[in-house]
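Peer 1: Below are the structure tokens for one structure; questions will follow.
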Amino acid sequence: GGAGGKGVWGKPGDELFEDGRCDDSHDPNYDSESEDKVIVQRIDPPIGEKEFEKIIEPLILEYFEHGDTDAVIADLNDLNLGKLKQRMIEFVVSLALDRKATHREMTSVLISDLYGKFLTMENMSTGFDDLLSSLSELTIDTPDAPTVVGQFIARAVADDCLPPKYIHKYKGQLECPKSREALEKADVLLSQKHGIVRLDNIWGTGGGIRPVKYLIKQMVLLLKEYLSSNDIKEATRCLTQLEVPHFHHELVYEAVTMMLENSTNRAMVRMCKLLKSLVNAVIITPNQLTQGFRRVYQSMPDLCLDVPNAYSLLEKFANVCHNESVINDELLKELPQRGRKRFVSEGDGGPIKEVAP
């Protein structure tokens with residue numbers, strides 16, 4: 001079939017798979033320099049100094065929003081940081097210096113979770129060494145940096161990320177006064193009675209660490225103050241200061257419940273106005289708003305015991321919120337309806353009993 005023998009073209013169709021390469025050294029077209037077999041290997045170059053901050057900073061800032069350390073570790077494992085691994089400690093702590101206590105607590109949790117999963121004890125020690133070395137520069141923007149860094153070191157020791165001897169090996173050997181101040185702060189915190197236990201709350205009980213009852217109480221107080229003052233700006237400030245965006249459905253629930261208990265048009269208008277402002281500013285997300293209203297819907301049988309006309313008030317309030325684009329059509333349709341009692345006069349009880357003259 002023309003496919004065999006020397007000097008023939010091969011089988012019909014073989015030309016479709018011709019790649020232009022010649023592997024036969026006896027072929028006149030063979031070129032030893034260009035026709036050698038090529039082996040393609042995947043190369044994962046390490047991240048450079050300039051790229052480090054551009055890649056890691058958004059990752060840490062996103063972590064401050066979701067708080068999922070596993071997601072951070074998974075993202076870091078996909079990167080080839082090489083020798084820059086040890087810079088993680090210095091970088092995340094420097095980001096936390098300018099932020100609130102809740103972010104510092106999240107940073108301490110992240111450092112604890114990175115140990116063993118991404119960073120070794122050597123990486124930890126080197127990272128904190130670099131942090132101490134950069135304290136003079138960090139103090140320019142954050143005057144209390146030595147104190148805060150000392151707290152981070154003490155917390156790392158309490159979390160078994162650093163050995164206790166880390167502090168003692170530097171005693172009397174540091175020339176920088178800021179670095180000495182940081183280590184002295186860490187030493188004092190670890191030396192106090194029950195120091196290791198107390199360091200679990202070194203950053204305070206902020207945000208979601210606070211008890212639920214406390215958060216509910218604060219939300220009720222800010223709503224009562226708002227109904228009295230009609231100051232949306234102050235109510236918004238108090239809510240954001242609690243730092244519990246995942247718990248904002250409680251504010252929606254308490255706001256609607258308080259409106260029902262107040263049972264006045266004034267309370268209805270003001271609560272709608274507050275919710276509209278918070279929704280438009282995306283301080284209360286659509287999911288949190290929906291969850292809060294649905295909680296009210298489910299609690300209506302109990303609310304009716306204290307507020308007999310709760311169903312009619314809720315219907316009126318829901319329509320007002322719908323007209324102001326606070327809630328959507330779907331949430332309005334879920335509004336519970338209380339069955340109207342039907343009396344004998346409507347014919348359900350048979351003939352009407354005649355009254356004897």
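Note: Cβ is positioned from N, Cα and C throughout, glycine not excepted.
Unlike curated records, TrEMBL annotations are generated automatically.
Below are the features listed in TrEMBL for this protein:
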REGION    1-36  region 'Disordered'
COMPBIAS  1-10  compositional bias 'Gly residues'
COMPBIAS  12-36  compositional bias 'Basic and acidic residues'
DOMAIN    51-172  domain 'MI'
DOMAIN    214-337  domain 'MI'
Peer 1: DSSP says what for the domain 'MI' (214-337): how many helix, strand, coil residues?
Peer 2: 101 helix, 0 strand, 23 coil
Peer 1: For the domain 'MI' (51-172), what's the model's average pLDDT?
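Peer 2: Mean pLDDT, the domain 'MI' (51-172): 88.
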Peer 1: Determine how many residues of the domain 'MI' (51-172) DSSP places in helix, in strand and in coil.
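Peer 2: In the domain 'MI' (51-172), the DSSP-based counts are 93 helix, 2 strand, 27 coil.
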